[in-house]
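**Student:** Before we start, here is the structure in question, set down as structure tokens.
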Amino acid sequence: MSTITVIGAGSWGSALSLILADNGHLVKVYDRDEELLEDINKNHTNSKYLPGSLLPETIKGFNNLRDALENTDVILTVVPTKVMRLVLNQINQELNHPAIFVNASKGIEPKTFKRVSEIVSEEIESKLIKGFVALTGPSHAEEVIDRQLTLVTAASDDVKCATFIQGCFNNDEYFRVYTVNDLIGAELGGSLKNIIALASGIIAGLGYGDNTRAALITRGLTEMRRLAVKAGAKEETLFGLTGIGDLVVTATSKHSRNFQAGYKIGNGKNLKETLDSMTMVVEGVRSCEAAYEWAQKLNVELPITFAIYDILFNYKNPKESLKELMSRNLKPE
Ligand SMILES: NC(=O)C1=CN([C@@H]2O[C@H](COP(=O)(O)OP(=O)(O)OC[C@H]3O[C@@H](n4cnc5c(N)ncnc54)[C@H](OP(=O)(O)O)[C@@H]3O)[C@@H](O)[C@H]2O)C=CC1
Ligand SMILES: O=C(CO)COP(=O)(O)O
């Protein structure tokens, strides 16, 4: 059994902690919110992010990062990618031994187009990194916390490391973990699907139904594949759990924060009003910004992503965007 430090007691950090505690690991959860930590330590629940949840009593919440990192084998980052550099920088200052880094957050950095694995290697001294694994796939915290059957993937360039993390998280009762050695494909699939999930919420908010959603998922996957392959991903990864799997769950679920945000936009709210009304992170917004800039640099055609960018950042009317998408030049599929 390992000692595992979870950085971020949000909805996904808490659900992943439950799996790790079920598997018998020593789980130390770090968060900056003392009230939330008291809820975890005393009431064994997370009322802020997962109301009604029942967390194993063995999960221990820490407000002090150094204590949370002491003697740990694995560091699992689950904070919004917007604050990832800042949080990693703090970890770099407090960590005094090498550990395996696992990331469960999903996003690409605007301007640099960096994935979290690249940000980790920039922010953490190499002597402190034993390996890096991205844990990603179709998995909403709200269902994992109820131990509903879920399948994800441990992605790494280092097969041994991926296999070790697969063993840490796999639970025969409800959480099955595969491995994949295409880190680029897995990280990009998990990030780019959030843009299409925003689009799916927008079309639902506008009142469109299943035909439109199926079309969006299919053409959205084409865009994800185009950009990811151009960036070095293996095409087949986009057809696995970390690509189409995650796209389907996020673009069709009421649990999805990206879908929920898109729905509000489809209903007439602008981006600021939408984000102000959300209590949890909507990663697709930043990833859309990154994909928009990156696609222009790499000369990749992403009409849906560009339309979402205009709706989010240029206040374009979603109906107008749909009209333009529908009247593009006719072509073979
Ligand atoms: N929720 C889900 O079902 C899934 C989420 N993910 C990914 O996991 C990541 C986290 O998502 P999720 O758990 O939903 O997010 P939440 O909004 O539920 O939680 C975010 C967590 O990050 C912490 N945090 C925010 N800013 C900072 C900061 N500056 N320093 C330290 N901690 C900070 C928050 O702490 P505080 O409360 O103090 O603000 C909170 O603990 C995202 O990238 C998301 O895409 C992936 C799969 C499933
Ligand atoms: O990545 C997720 C499910 O796999 C969670 O997506 P949301 O952030 O849209 O809820």
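Don't overthink the numbers, they just go from 1 along the chain as shown.
The backbone N, Cα and C atoms fix where each Cβ goes, and this holds for glycine too.
Quantities reported herein were computed from a predicted structural model and do not represent experimental measurements.
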**Student:** Since TrEMBL lists SER11, TRP12, ARG32, TYR49, LYS106, ARG257, VAL281, GLU283 for NADPH, which candidate among ALA141, ALA154, ALA214, ALA215 does it give for that site as well?
**Tutor:** ALA141
**Student:** Which of ASP146, ASP246 does TrEMBL put in the same sn-glycerol 3-phosphate site as LYS106, GLY137, SER139, LYS193, SER256, ARG257, ASN258?
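**Tutor:** Same sn-glycerol 3-phosphate site in TrEMBL: ASP246.
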**Student:** With an 8 Å cut-off on Cβ-Cβ distance and a minimum sequence separation of at least 6, pull the same-chain contacts of SER139 (sn-glycerol 3-phosphate binding site), or say none.
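**Tutor:** Residues satisfying the criterion: TRP12, ALA15, THR150, VAL152, VAL249.
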**Student:** Using Cβ-Cβ distances, find the residues under 8 Å from GLY137 (sn-glycerol 3-phosphate binding site) that belong to the same chain and are at least 6 apart in sequence, listing them in sequence order.
**Tutor:** THR150, LEU151, VAL152, THR153, GLY190, LEU241, THR242, GLY245, ASP246
**Student:** Measuring Cα to Cα, how many Å separate GLU283 (NADPH binding site) from SER256 (sn-glycerol 3-phosphate binding site)?
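**Tutor:** Spelling it out, the Cα of GLU283 (NADPH binding site) and the Cα of SER256 (sn-glycerol 3-phosphate binding site) are 11 Å apart.
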**Student:** Listed recorded positions are GLY8, ALA9, SER11, LYS193, SER256, ASN258; which of them have CA atoms within 10 A of the CA of ARG32 (NADPH binding site)?
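**Tutor:** The recorded positions close to ARG32 (NADPH binding site) (Cα within 10 Å), listed in sequence order, are GLY8, ALA9.
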**Student:** If you skip the near sequence neighbours and keep only those at least six away, which residues in the chain come within under 8 angstroms of ALA9 (NAD(+) binding site), Cβ to Cβ?
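**Tutor:** Those within reach of ALA9 (NAD(+) binding site), by Cβ under 8 Å and sequence separation of 6 or more, are SER17, VAL29, TYR30, ASP31, ASP33, LEU36, LEU37, ILE40, ASN46, TYR49, GLY61.
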**Student:** Using a Cβ cut-off of under 6 Å to any atom of ligand 2, determine which of the binding-site residues SER11, ARG32, SER139, ALA141, ASP246 qualify.
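**Tutor:** With ligand 2 as the reference and 6 Å as the Cβ limit, the list reads SER139, ASP246.
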**Student:** Of the binding-site residues SER11, GLY13, ALA141, SER256, which one sits closest to LYS193 (active site, proton acceptor) when you measure Cα to Cα?
**Tutor:** SER256
